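Trainee: I'd like to ask some things about the structure below.
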């Protein structure tokens, strides 16, 4: 039979992160707390596609119990994202599993940046390489792109909203961006 994929999320940051997950079908979790040095494995079915991201600075309101995060909040007000995506700026790990004979993955900064992230494939049949960014780009973020008191870095599209930065309008062609 066809098997799915096991994702193991590891927190190598010096602070707690709250991973969020959004996909074409729900996994056994859509969000959880991950302490420094912690890890959690998640089984995805065949043909799963979706994204993972890390939320930071999450605090639960003592009166309402609602969760809010300083960066990459999904707006669910809970630890689980429940089908809601991340609010930019956010670093995204994107996956398409079992598409034909290949899996596809990337680390995207198109919605900005909030955390270093690395995807390291293992146990596959191909010669898949690691991808991502392990440097803290928040330290190098230009002032005009800074968000959340320097805890995240907006994309130029989000910061300025102009077609030339958003690959839209006259800049919608891949050749124009």
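Glycine is no exception: its Cβ is also placed from the backbone N, Cα and C atoms.
Curation plays no part in TrEMBL annotations; they are all automatic predictions.
Note that the coordinates shown come from a computational prediction; the quantities given were computed from them, not determined experimentally.
Pulled these features from TrEMBL for this protein:
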| type | residues | note |
| --- | --- | --- |
| DISULFID | 58-69 | disulfide bond |
| DISULFID | 74-81 | disulfide bond |
| DISULFID | 141-153 | disulfide bond |
| DISULFID | 157-166 | disulfide bond |
| DISULFID | 167-177 | disulfide bond |
Trainee: Would you kindly give the Cα-Cα distance separating residue 153 (disulfide bond) and residue 166 (disulfide bond), rounded to the nearest Å?
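Mentor: So the alpha carbons of residue 166 (disulfide bond) and residue 153 (disulfide bond) sit roughly 16 Å from each other.
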Trainee: Going by a 10 angstroms cut-off between Cβ atoms, which of the disulfide-bonded residues 69, 81, 157 has the sparsest surroundings?
Mentor: 157
Trainee: If you measure residue 74 (disulfide bond) to residue 58 (disulfide bond) at Cα, how many Å is it?
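Mentor: Given the Cα positions, residue 74 (disulfide bond) is 11 Å from residue 58 (disulfide bond).
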Trainee: Do you know offhand how many angstrom separate residue 153 (disulfide bond) and residue 58 (disulfide bond) by C-alpha?
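Mentor: Between the alpha carbons of residue 153 (disulfide bond) and residue 58 (disulfide bond) there are 18 Å.
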Trainee: What count of other C-beta atoms do you get within 10 angstroms of the C-beta of residue 58 (disulfide bond), across all chains shown?
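Mentor: If we count other Cβ atoms within 10 Å of residue 58 (disulfide bond), we arrive at 18.
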Trainee: Of all the disulfide-bonded residues given, 74, 166, 167, which has the fewest Cβ neighbours within 10 Å once its own Cβ is left out?
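Mentor: With the disulfide-bonded residues 74, 166, 167, fewest surrounding Cβ atoms within 10 Å: 167.
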Trainee: Quick one: which of these disulfide-bonded residues, 58, 141, 157, have their CA within 10 A of residue 167 (disulfide bond)?
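Mentor: The disulfide-bonded residues passing the 10 Å Cα test are 157.
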Trainee: If you measure C-alpha to C-alpha, which of 58, 69, 141, 157 (disulfide-bonded residues) come within 10 angstroms of residue 81 (disulfide bond)?
Mentor: none
Trainee: Could you check which of the disulfide-bonded residues 58, 69, 141 is the closest Cα neighbour of residue 157 (disulfide bond)?
Mentor: 141
